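Enquirer: Supplied in structure tokens, the structure appears directly below.
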């Protein structure tokens, strides 16, 4: 599986997930400087946090 890895809306960077991590993840939240984005490979989809504005977990290449 290959997942996007950069903290921007448009994300050209991706990486192959290590063994045991078969989910692509994207989390967005608001900070005083604007929207923040985190993208990476994970083993389990995390819980939706109280400050999150969106949370995406998917299992196709570059789906995050």
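Using N, Cα and C of the backbone, Cβ positions are placed for all residues, glycine too.
Look at Swiss-Prot and you will find 3-24, 6-11, 17-41, 45-57, 58-63 tagged as disulfide bond, backed by similarity to another entry.
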Enquirer: In terms of Cα spacing, which of the disulfide-bonded residues 6, 11, 57 are within 10 angstroms of residue 24 (disulfide bond)?
Expert: 57
Enquirer: I'd like to know which of these disulfide-bonded residues, 3, 17, 24, 41, 57, is least surrounded, judged by other CB atoms within 10 A.
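Expert: Output over disulfide-bonded residues 3, 17, 24, 41, 57: least Cβ neighbours within 10 Å is 57.
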Enquirer: Using all protein chains in view, find how many other C-beta atoms are within 10 Å of the C-beta of residue 63 (disulfide bond).
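Expert: Neighbour count, Cβ to Cβ under the 10 Å cut-off: 16.
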Enquirer: Let me know the DSSP-derived helix, strand or coil state of residue 63 (disulfide bond), please.
Expert: coil
Enquirer: Just to confirm: which same-chain residues, 6+ apart in sequence, have a Cβ under 8 Å from the Cβ of residue 45 (disulfide bond)?
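Expert: In sequence order, the residues whose Cβ lies under 8 Å from that of residue 45 (disulfide bond) (at least 6 apart) are 23, 25, 55, 57.
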Enquirer: List only the single closest residue to residue 17 (disulfide bond), chosen from the disulfide-bonded residues 3, 11, 58 by CA-CA distance.
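Expert: Answer for the nearest of the disulfide-bonded residues: 3.
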Enquirer: For residue 6 (disulfide bond), what residues in its own chain, 6 or more apart in sequence, show a Cβ-Cβ distance under 8 Å?
Expert: 12, 13, 39
Enquirer: Counting across all protein chains present, how many other Cβ atoms fall within 10 Å of the Cβ of residue 58 (disulfide bond)?
Expert: 15
